[in-house]
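Taken from Swiss-Prot, the feature compositional bias 'Low complexity' applies to 544-555. Marked as region 'Disordered' by Swiss-Prot: 541-560. Swiss-Prot lists 88-129 with the feature repeat 'WD 1'. For 132-172, the entry in Swiss-Prot reads repeat 'WD 2'. The feature repeat 'WD 3' is assigned by Swiss-Prot to 175-215. The repeat 'WD 4' annotation in Swiss-Prot covers 219-258. Annotated repeat 'WD 5' per Swiss-Prot: 262-309, in sequence order. Residues or ranges marked as repeat 'WD 6' in Swiss-Prot: 313-348. What Swiss-Prot records for 624-663 is repeat 'WD 7'.
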Amino acid sequence: MPSRNSNVLQRPTYAQLASTSVKSSKGLVSYQDWVVDVKASISAISVNKSRTKVGVAGRELLKVLAVNPNSSKPPVCISDLLQKSTQTKHISCNDVKWGSSFASNLIFTCSPLGNLNVWDVNLEALLYDFNEHSRAVHKLDISSFHPSYVLTASQDGLIKLWDYKESSSTITFRGNSEAARDVVFSPSEPNEFVAAYDSGILQKWDIRFPKLPFLKLAAHNGVVLCVNYSPNGVFLASCGRDKTIRIWDSTSNKKKSLITINNVSPLNCVRWRPANQQSRGSNQLASSSLVGDTAINVWDITRPYIPYRTVSCHDSIVSTMHWASTELLWSCSKDGIFSQTRVENAFNCIDMLPRATSSWSTKNSLVFSSNPISNQRLSSLNRVASFESNISSLKSALYASQNSDGSTSNPVPFVPHNFVGIPQELGILAYRSEDVAQFCYLAKNYRISGDISSACKENAFFARNVGAEFAYQIWDALYFSLGVLNNSDKGISELINIPFVSANNSMADDEKGRNLKNLTQISTSSTPAHDNLSLNDFFEPREASTPSESSNSSIESEDNLDKAVLNKQSQWHDLENPIVLKKGQAPVNNFSTDSRASINSSYLLDSAASNYSGTSHNEMFNSFHRSSVTSASIKSREAVLSAGNSSRRASIFLDQLSLHGDTDSEIPIDDLPPIELPYVVTSIISDCISRGDVQTAACVCSVFSYLTIDLPRIQLDDLLESYVDLLRRFGMFSEATLLINMSGSKNLKYIHSSSRDLIFEMENKKATGNEQSEKGKENAKTVTSLKKCVYCELPLRGVLVYPPVCGHIGHESCLRSWYFDNTDDALPVCPVPGCGVKLLDKRALI
């Protein structure tokens with residue numbers, strides 16, 4: 001074997017590896033005073049009572065730094081206690097506390113080996129080494145009333161009270177719980193302390209009664225990692241893995257927290273901000289995250305939903321913090337960075353929030369808050385939120401308003417405590433009572449199942465009765481379209497007499513007819529004299545120069561009509577006057593038999609033309625609407641067209657007319673696509689969406705759910721979901737359930753289903769009854785034993801799914817995404833390494 005090279009370097013220590021970790025190349029942030037790299041991972045810091053020295057402890061680290069009188073300059077290392085002796089060189093420290101009073105020259109540390117060490121800073125030596133804990137000591141604390149009393153919290157679940165002058169511990173407190181994570185003396189009660197445990201329990205003890213705690217608090221749903229008293233001892237803050245900070249009243253024995261602050265990630269440290277002369281910081285505290293977030297959030301308990309300030313100056317997880325003063329915060333991270341920041345100059349999260357917001361009230365009114373629209377008031381606000389740039393669109397708008405007069409101005413620096421708040425206004429947008437009544441009436445009476453033609457007919461009747469003009473036009477046009485497209489083999493003379501929706505022939509329910517009788521009577525006083533016009537009266541040759549000549553001319557047959565229309569230009573009567581119905585007023589004239597034909601014709605044409613491709617088609621369709629068809633008589637202009645839309649042939653005829661209105665068009669008649677029902681329905685739903693009529697669009701979508709609607713599925717699902725939300729908001733839960741069942745949307749049914757379990761079928765053959773029962777037992781055991789998703793490896797929560805046979809469990813969203821996003825041609829295999837179970841082709845499940 002070749003000889004070992006003697007020049008090979010020795011294996012580096014953890015401290016050396018930590019010192020070479022990758023750090024950001026960026027400089028200090030604007031609110032950061034200084035940064036010190038101690039070349040090792042930092043676990044804890046502690047400052048002496050005179051605030052002239054600070055102890056820094058961590059993995060193979062215990063240094064003493066001298067604090068510079070000028071707070072803007074970094075501290076300087078004056079002693080490295082671990083390097084003074086070979087016996088203590090590789091000691092690691094989980095926590096450090098500086099002694100007070102007669103022990104002001106002593107530093108107390110605890111180690112992962114279960115030791116309590118006492119160091120003399122002046123001698124730079126280890127004085128005492130206590131070892132009574134069987135497992136690691138996580139935290140320690142020193143009494144401010146008895147400087148020789150030290151408490152230690154250990155992984156073995158014990159809390160021990162030490163007098164460092166004695167050779168062993170004085171009292172042992174058994175909490176009958178899991179590991180003890182933190183312990184802290186009360187700053188106001190000399191004999192009380194609080195201990196935090198892995199079980200989420202906080203226990204308050206009196207050192208005079210060591211057998212049982214005098215108060216137990218079910219504080220968190222997971223491990224409690226830190227507890228901290230406010231400077232005056234009134235409040236107690238706790239944080240843990242459940243991503244919450246809880247504030248407790250330490251002066252009472254109440255077992256309910258006063259305030260709960262929710263964070264986006266698990267928390268490992270919380271520190272109360274000291275109060276200044278105006279007691280500004282008495283209600284504020286800082287917190288840091290255990291994983292996932294390197295920022296420090298400063299919270300004000302009077303506003304627990306958004307941080308007061310956010311400090312982002314570390315590239316690694318923040319391990320500990322300490323308030324050097326009311327304005328200065330010291331923080332340390334796992335990569336060995338010790339930093340000082342000025343909190344008031346840090347990033348203000350409130351400036352990121354939009355100044356306008358809205359929400360539904362309990363009375364179904366829309367409540368909104370926004371800035372008053374006043375240029376004079378907005379331009380008078382000359383402020384920024386922090387030294388961070390590009391914070392919000394609001395700030396950009398303010399600067400733009402200030403510079404609109406042509407002058408240039410720089411942003412004004414942030415002035416702590418003196419900024420001007422932007423005034424806001426609150427408003428309530430309530431429904432009109434008639435709109436709510438109309439919506440509820442239609443929602444309860446609309447028919448979205450059964451025979452399609454009857455449903456459209458009845459829905460048009462209901463819409464007409466309550467004065468819903470647009471909804472009536474929609475349903476009547478659909479009913480007319482169904483009659484046209486389903487009777488294409490009949491002649492025009494038969495289709496002209498298709499009954500339209502009226503109060504006399506649309507409903508079989510006599511009771512509803514009697515209740516709405518006053519709304520269904522059609523006035524005959526304003527019936528025009530041209531009701532009995534024939535089809536021939538609507539078209540005539542263009543050579544007609546006078547009204548009298550036009551009225552006398554006619555087309556004798558359908559062939560002549562087709563020829564006249566295809567070879568000559570005509571004039572189309574464009575009905576665009578809105579139909580307005582007053583509350584309680586029956587429809588007159590505009591809702592007559594003739595106007596109904598015009599409504600149908602309009603939607604048939606729009607649906608036909610909107611689904612043709614090609615620029616020339618669109619241009620011809622537009623020219624058709626302007627004036628490109630055969631000229632009509634004055635009599636026909638007064639009447640509302642068209643009987644030609646009453647048949648399949650008339651629909652194709654109008655379609656040909658729209659495409660051949662341009663004299664330059666040479667599209668063969670035989671190549672023209674026919675009008676189909678999906679085109680009409682798609683056009684109508686699009687029109688309803690553009691008008692914001694959610695109810696009509698959703699009901700049309702449900703009635704014609706068997707059709708292939710040419711709209712994105714996600715848009716239709718969003719439409720149906722919006723209507724379901726409206727129904728539930730008004731308490732119509734049965735109607736919402738019916739809509740979900742009749743919508744034909746798998747996504748909507750899945751979202752609102754009571755059971756969302758997704759079970760993957762297997763390629764293996766079906767197991768027998770005994771095998772299935774055994775597999776079911778195994779799966780039940782697997783559910784209770786596994787605690788992580790097989791795909792994302794995060795704790796199992798919410799809806800869980802598993803493939804039968806193998807029983808590997810994961811989150812429904814994870815496995816669904818993995819299964820359906822797989823683009824390989826081969827059968828998907830269970831994501832668990834080594835499982836090898838093949839699933840059925842997903843195309844068979846879609």
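Note: Cβ is positioned from N, Cα and C throughout, glycine not excepted.
Across the residues of the repeat 'WD 3' (175-215), the predicted structure has a mean pLDDT of 93.
Same-chain neighbours of the repeat 'WD 1' (88-129): 13, 43-50, 53, 55-62, 64, 79, 81-82, 135-142, 144, 147-148, 150, 152, 154, 156, 162, 164, counting only residues six or more beyond its ends whose CB sits under 8 Å from a CB of the stretch. Under DSSP, the residues of the repeat 'WD 2' (132-172) split into helix, strand and coil as follows: 0 helix, 22 strand, 19 coil.
Here the repeat 'WD 1' (88-129) has, by DSSP, the following mix of helix, strand and coil residues: 3 helix, 20 strand, 19 coil. In terms of DSSP secondary structure, the repeat 'WD 3' (175-215) contains 0 helix, 20 strand, 21 coil.
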